[in-house]
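Visitor: Could you have a look at this structure, given as structure tokens, before my questions?
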């Protein structure tokens, strides 16, 4: 007779039937995150599934397009603060020290 571990059975049953509230996005790893966190250029799920299948807008003329397709204002490029979620706005900036 073949036995099945009930804990494993209940875990798989939970995964198959787990539903997120309508105000949340269901991640591939079965986490639920608020809907406004999906497609925000940040891996809120922990597995990247909230950033897949996103349709991001084209950057306007003069905007900087980050490597992850995010658009930022040109004044944010090389300003010493990371503005692109992937950090690409500060990636190729030359650093200089201010001298008085």
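Think of each number as a place in line: the chain as shown, counted from 1.
Each residue, glycine too, has its Cβ placed from N, Cα and C.
For reference, TrEMBL lists these features for the protein:
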type     : residues : note
DISULFID : 20-32    : disulfide bond
DISULFID : 27-45    : disulfide bond
DISULFID : 39-54    : disulfide bond
DISULFID : 59-71    : disulfide bond
DISULFID : 66-84    : disulfide bond
DISULFID : 78-93    : disulfide bond
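So that I understand the layout, could you describe where these features sit and how close they are to other parts?
Guide: Other C-beta atoms found within 10 angstroms of the C-beta of residue 32 (disulfide bond) number 15, with every protein chain shown included.
Within 10 Å of the C-beta of residue 27 (disulfide bond) we count 20 further C-beta atoms, all protein chains included. In three-state terms derived from DSSP, residue 27 (disulfide bond) belongs to neither a helical nor a strand segment and is classed as coil.
In the three-state DSSP scheme, residue 39 (disulfide bond) is classed as coil.
In this structure, residue 59 (disulfide bond) belongs to neither helix nor strand by DSSP; it is coil.
DSSP classifies residue 84 (disulfide bond) as coil under the three-state reduction. Neighbours of residue 84 (disulfide bond), defined as other CB atoms within 10 A of its CB across all chains, total 21.
According to its DSSP assignment, residue 78 (disulfide bond) is coil.
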Visitor: Counting only residues 6+ away in sequence within the same chain, which have a CB under 8 Å from the CB of residue 78 (disulfide bond)?
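Guide: Sequence-distant Cβ neighbours: 89, 90, 93.
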Visitor: Among 20, 27, 32, 66, these being the disulfide-bonded residues, pick the one whose CA is nearest to that of residue 59 (disulfide bond).
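Guide: When the Cα distances are compared, 66 comes out closest.
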Visitor: Cβ-Cβ under 8 Å from residue 20 (disulfide bond), same chain, 6 or more residues apart: which ones?
Guide: 26, 32
Visitor: In the structure shown, which of the disulfide-bonded residues 54, 66, 71 has the fewest other Cβ atoms within 10 Å?
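Guide: Ranked by other Cβ atoms within 10 Å, the disulfide-bonded residues 54, 66, 71 bottom out at 54.
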Visitor: Spatial neighbours of residue 84 (disulfide bond) among the disulfide-bonded residues 27, 45, 54, defined as Cα within 10 A: which are they?
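Guide: Within 10 Å Cα-Cα: none.
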